[in-house]
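Beneath this line is the structure, given in structure tokens, with notes to follow.
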Amino acid sequence: MGVRECPAWLWLLLSLLWLPLGLPVLGAPLHLICDSGVLERYVLEGKEAENVTMGCAESCSLNENITVPDTKVNFYAWKKMEFGQQAVDVWQGLTLLSEAVLRGQALLANSSQPREPLQLHVDRAVSGLRSLTTLLRALGAQKEATSPPDAAPSAVPLQTITADTFSKLFQVYSNFIRGKLKLYAGEACRTGDR
């Protein structure tokens, strides 16, 4: 069976299987990438991890402050931003968040903390961030963020905060997806830019 003869239900199944693994879904219809349910799944995973880690105090400490993107969104300023500036902001935020979660994963691996439930949520977040990076590439955010400085719109410096617990890290994870990433993806899907 050729790629063009592949039924839509099979594309959906393959997309759902490949997306959590961080694998690009080449040739997937745009409506699968722009499905709000895909982003919502990552938000729910982040909220679940945040809820699990809220109950533990010292065992969920990162033992250092990790820089993460500030997830507050000024909707008035966001709407006034050029699309390219939004892409840069989201790409930089996702890059910083990925680095922070990977740092948290390394700290957990090198600690004497009980790791079982926490490790599962950290691993899910790492996998989710890989998938979200693939999604943003499909929407063209990386291209916008890495274009030459003279061609790129002047970007506002990325606002950051620090996280000192896994609960705060997961809170930032879910809020970033629910906020800026979802806003950017929605606009990119509406305009058809990828």
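Note: Cβ is positioned from N, Cα and C throughout, glycine not excepted.
Curation does not apply to TrEMBL; its annotations are automatic.
Residues or ranges marked as signal peptide by TrEMBL: 1-27.
Annotation comment: TrEMBL describes C34-C189 (among others) as disulfide bond. There are 19 other CB atoms within 10 A of the CB of C34 (disulfide bond), with all protein chains counted.
Under the heading disulfide bond, TrEMBL lists C56-C60 (among others). Taking the Cβ of C60 (disulfide bond) as centre and 10 Å as the limit, one finds 21 other Cβ atoms among all the protein chains shown.
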Proximal but sequence-remote residues of the same chain as C56 (disulfide bond) (Cβ under 8 Å, at least 6 apart): L118
